[in-house]
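A short write-up of the structure that comes next.
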Amino acid sequence: MRVLGIETSCDETGIAVYDEYRGLLVHKVYSQGVLHSRYGGVVPELAARDHIRKVIPLIVGSLKQARLISSDIDAVAYTAGPGLIGALLVGASVACSLAYAWNVPVIGVHHMEAHLLTPMLNKKLIISNSTSFSDFIDVIDFPFIALLVSGGHTQLVMVKNIGEYKILGESVDDAVGEVFDKIAVFLGLGYPGGALLSEMAQVGIKGRYIFPKPMINKPGFNFSFSGLKTAVIRAIMSSSNDQQTRADIACGFERAVVETLSVKCYKALKQMKVKYLVISGGVSANTMLRSKLLKMMYSISGKLLCPELEFCTDNGAMVAYTGLIRLKAGLSNRDLSITVKPRWSLESLPSIF
């Protein structure tokens, strides 16, 4: 089976085709970063309009690159939520229209479940029947803890199986990726600037700026980054504008974030008595975070699974992949009514088993 995946939840238009046996056949991503950079953040109306302009050409180009025609596609998967409602509606409308025209089922995919499963993308999905997903056992054992870190979410999730999720903790205010981008703007790096901030931090002097590590000593697994954001912005506003000082602030900020995330992960792994950790989402590309978590997992004889760097940010490949899993589990839909969920809890998803 082959599934076309369509991702339009925020400011990336992602298209991909995933084959049950051959793996990922093609994937293309168009980022709206330049469009939104002048505003210092995503403008929802502009995002939706740009998806409208880009989604069809990307689909046509992807099918052409993979040497596929419409009859080669067995289902269409799209991001149904969570996300920006206007952006979501673009992908949903196109997906349902194609499913109707091609007479194939449609699958509305949860954006964060797709991120959660992204680290498995570099493996072919070998399915012996609708309830035997042997490849996942080869990659990582259930249960595991997932750290989902992106521009819109910061969550620690207990994963008992695909579709069986328990949110252990999440940010009570700003998502960590959002804070990275906001601090980057104040550092003069523009939007989106999270990756540039990390590059700047590499030449910063460790220890010159020490910022609070929010909620690491509090019970539970929730996060809070608004106080850290305020502390860093104040440091930027009160400091000299030289490049080294900016790099030192970036270094202190990044270290505070990474330490906070790693402490919460460690506590969750210990309390849940789990040895496997998955990280995904845009911030999972952060080199310092990967290194810190890798050392932590080695110290407890655990295993860390990360996405390939090109799949950390939003993309259609993760949507197609997740759609295929749910299609094989019999969870597709012939009802072509256009449905999106700007707010949608992982815990409400049905299990594939």
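Each Cβ is built from the backbone N, Cα and C atoms, and glycine gets one as well.
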Recorded substrate site member, picked from Asp141, Asp181, that accompanies Leu148, Val149, Ser150, Gly151, Gly152, Gly194, Asn286 in Swiss-Prot: Asp181
Which residue of Asp248, Asp314 does Swiss-Prot report at the same Fe cation site as His111, His115? Asp314
Secondary structure at Leu148 (substrate binding site) (DSSP, helix/strand/coil)? strand
The rounded CA-CA distance in Å from His115 (Fe cation binding site) to Leu148 (substrate binding site) is 7
Are there any residues in the same chain, six or more apart in sequence, whose C-beta is under 8 angstroms from the C-beta of Gly151 (substrate binding site), and if so which? Cys10, Ala175, Gly177, Glu178, Asp181, Pro192, Gly282
